[in-house]
Amino acid sequence: MFAEAAKTTRPCGMAEFKEKPEAPTEQLDVACGQENLPVGAWPPGAAPAPFQYTPDHVVGPGADIDPTQITFPGCICVKTPCLPGTCSCLRHGENYDDNSCLRDIGSGGKYAEPVFECNVLCRCSDHCRNRVVQKGLQFHFQVFKTHKKGWGLRTLEFIPKGRFVCEYAGEVLGFSEVQRRIHLQTKSDSNYIIAIREHVYNGQVMETFVDPTYIGNIGRFLNHSCEPNLLMIPVRIDSMVPKLALFAAKDIVPEEELSYDYSGRYLNLTVSEDKERLDHGKLRKPCYCGAKSCTAFLPFDSSLYCPVEKSNISCGNEKEPSMCGSAPSVFPSCKRLTLETMKMMLDKKQIRAIFLFEFKMGRKAAETTRNINNAFGPGTANERTVQWWFKKFCKGDESLEDEERSGRPSEVDNDQLRAIIEADPLTTTREVAEELNVNHSTVVRHLKQIGKVKKLDKWVPHELTENQKNRRFEVSSSLILRNHNEPFLDRIVTCDEKWILYDNRRRSAQWLDQEEAPKHFPKPILHPKKVMVTIWWSAAGLIHYSFLNPGETITSEKYAQEIDEMNQKLQRLQLALVNRKGPILLHDNARPHVAQPTLQKLNELGYEVLPHPPYSPDLLPTNYHVFKHLNNFLQGKRFHNQQDAENAFQEFVESQSTDFYATGINQLISRWQKCVDCNGSYFD
């Protein structure tokens, strides 16, 4: 990714015309389903070298702190929104505006205020404005093969300036492991390791090393640019280990390649960037970003190639190249400070001694908390803890020792907890708490740490027998093979019936004050009013739909009549399909669909019927695609009569584009494949 690039005359960051993304039938998801949105790859059929995908940091060799551990306390904003002055997470001011854009993201890249988001322990809602990076990807991206730079990443949507784009996630490493990996690299290897350096206290710098080479996310595909459109900001949420969040430094248009300055700067070049050979003899890798201000070489951090005792962090005014992927070196020469050093700088007695000193100086708990966190880093002191000790001092007790307590332990062994849960996934958290003799909240907290979440069993249409599973497997595998040898998806005509309820409202929970009474909701009647619709469509679009009259049911004669009407419309819409290729009907095995009058009509019209296994609505495009979107459209709507329901359905079908129908048909391939992968069982 870093090693190869090509000069070009197109605007910096824009793909060439021949690199314009197409719409392949099957889209590879580089993110393996672990992001909010799939991340495609281009050109069709190509894929990056395999790596283990993770949307968040994972602990790597030599790391001081596990990035998945929760180390920050939460705010207590329950009835009021999180605001500076009242929310402990916003002690440095607001981070985002009403549009979820980073505030004060100046064109000079001078954004230096610490960013702390509300975390899992905060009592504010999930809709809090201070929760942005933790929500993951909000735009569609595509990994694509560049002309000579290897793989890159581009957006398929417009991204406003200041919006969060993605993280640079990977293994969090110790400095010795970073040096070991870098010294093992050859000239042809790409370097993905990034070092973030943050000023902490008294000239000390806190460093975070991240390597997505083997375990990472889409951030590993970002290429360097001397005029980048992204800016990297360390954002802390649950842990002292920052998330390396990339924000749009300007408005980014669709199909524009995403890039950032590997040195961590933004349009803030230093001198001596044109030095080709470094002091220790290593050749700089050339930069071909195509920017007007291109420095000709990729950024480089010589400190990572030196022994630990000789490695110093350079001043911003020193003539020394910066790291390939590091934050700007704008701090004085200073001692290397790791996260673990930061945590261990003060033990309990030392920090309690500071509490006592501040108390005797007459300072308040809030002021004491601010002073300590400003001096030793965020999260060192908690205001409620300081208040507890101040109350103790007020009583004349100035002992700094812990009082003996007979309560339950606040920690559990995660391996033991995992073994209990995996042995019986149906066990409750309270049963686990009783078995381990800990509080219920302790079990919940540790379950989150080991990545366990509670999920209900998923409803399935039927409890399949082995014969039915085998039939699903055989049909799906045969259709995959047939389509591979002779594509036929564009010949498929599919249909199904659905009841549309007059009342589509659902009872839902509400956030209310404790003494406030909930709203009333009428109990559903046993036989609600409804109307049945039959819809026929293909990849080219809608063909025909009709509604049953009240009291009317679908019979084989009625269904044969529907086929006749559909065929007449199909001849007007897709005459070539009817006369030359021949349509292929895909429907389920309902009794009217397989009755003799229906089979005679299909034989008369020359329709082929595609094999379909019983109890398989997950393999019918009308069920998994059209009706799914129709249900979302109807949610919350209420109709007074059949005409209102018919008008709503007509509004739904008229709002869909041709691509909507093609997408539903094209999903058949992936669904057949999932069925094969699950040996005929239902799949998620």
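Each Cβ is built from the backbone N, Cα and C atoms, and glycine gets one as well.
Averaged across the region 'Histone-lysine N-methyltransferase' (1-345), pLDDT in this predicted model comes to 74. Annotation comment: Swiss-Prot describes 1-345 as region 'Histone-lysine N-methyltransferase'.
Taking the Cβ of C122 (Zn(2+) 2 binding site) as centre and 10 Å as the limit, one finds 25 other Cβ atoms among all the protein chains shown. For C75, C89, C118, C122, the entry in Swiss-Prot reads Zn(2+) 2 binding site.
DSSP assigns C82 (Zn(2+) 3 binding site) to coil in the three-state reduction, outside any helix or strand. Look at Swiss-Prot and you will find C82, C118, C124, C128 tagged as Zn(2+) 3 binding site.
The Zn(2+) 4 binding site annotation in Swiss-Prot covers C226, C287, C289, C294. Taken residue by residue with DSSP, C289 (Zn(2+) 4 binding site) is part of neither helix nor strand, so it is coil.
Among the features that Swiss-Prot reports, region 'Mariner transposase Hsmar1' is placed at 346-684.
The feature DNA-binding region is assigned by Swiss-Prot to 364-395 (among others), with similarity to another entry given as support.
Taken from Swiss-Prot, the feature DNA-binding region covers 428-448 (among others).
What Swiss-Prot lists as N6-methyllysine is K498, and the listing cites experimental evidence. Non-local contacts of K498 (N6-methyllysine) by the CB criterion (under 8 A, 6+ apart in sequence, same chain) comprise M532, V533, I535, F627, L630. The DSSP secondary structure for K498 (N6-methyllysine) is strand.
Annotation source Swiss-Prot lists phosphoserine at S508, citing experimental evidence. Around the Cβ of S508 (phosphoserine), 8 further Cβ atoms fall within 10 Å across all displayed protein chains.
Assigned with DSSP, the residues of the DNA-binding region (364-395) fall into helix, strand and coil as follows: 24 helix, 0 strand, 8 coil.
Distance from the CA of C124 (Zn(2+) 3 binding site) to the CA of S508 (phosphoserine) is 20 Å. The binding-site residues under consideration are C118, C128, C287. Their Cβ neighbour counts within 10 Å are lowest for C128. Counted within 10 Å of its Cβ, the other Cβ atoms near C124 (Zn(2+) 3 binding site) come to 22, all protein chains included. Taking the centroid of the Cβ atoms of C75, C89, C118, C122 as the Zn(2+) 2 site, the other same-chain residues with Cβ within 8 Å of it are G74, C77, C82, C87, S88, L90, F116, E117, N119, L121, R123, C124, C128, N130.
C289 (Zn(2+) 4 binding site) counts 24 other C-beta atoms within 10 Å of its own C-beta, drawing on all protein chains shown. For the binding-site residues C75, C89, C118, C287, C289, a Cα to Cα distance of within 10 angstroms from C82 (Zn(2+) 3 binding site) holds for C75, C89, C118.
C122 (Zn(2+) 2 binding site) carries neither a helix nor a strand DSSP state and counts as coil.
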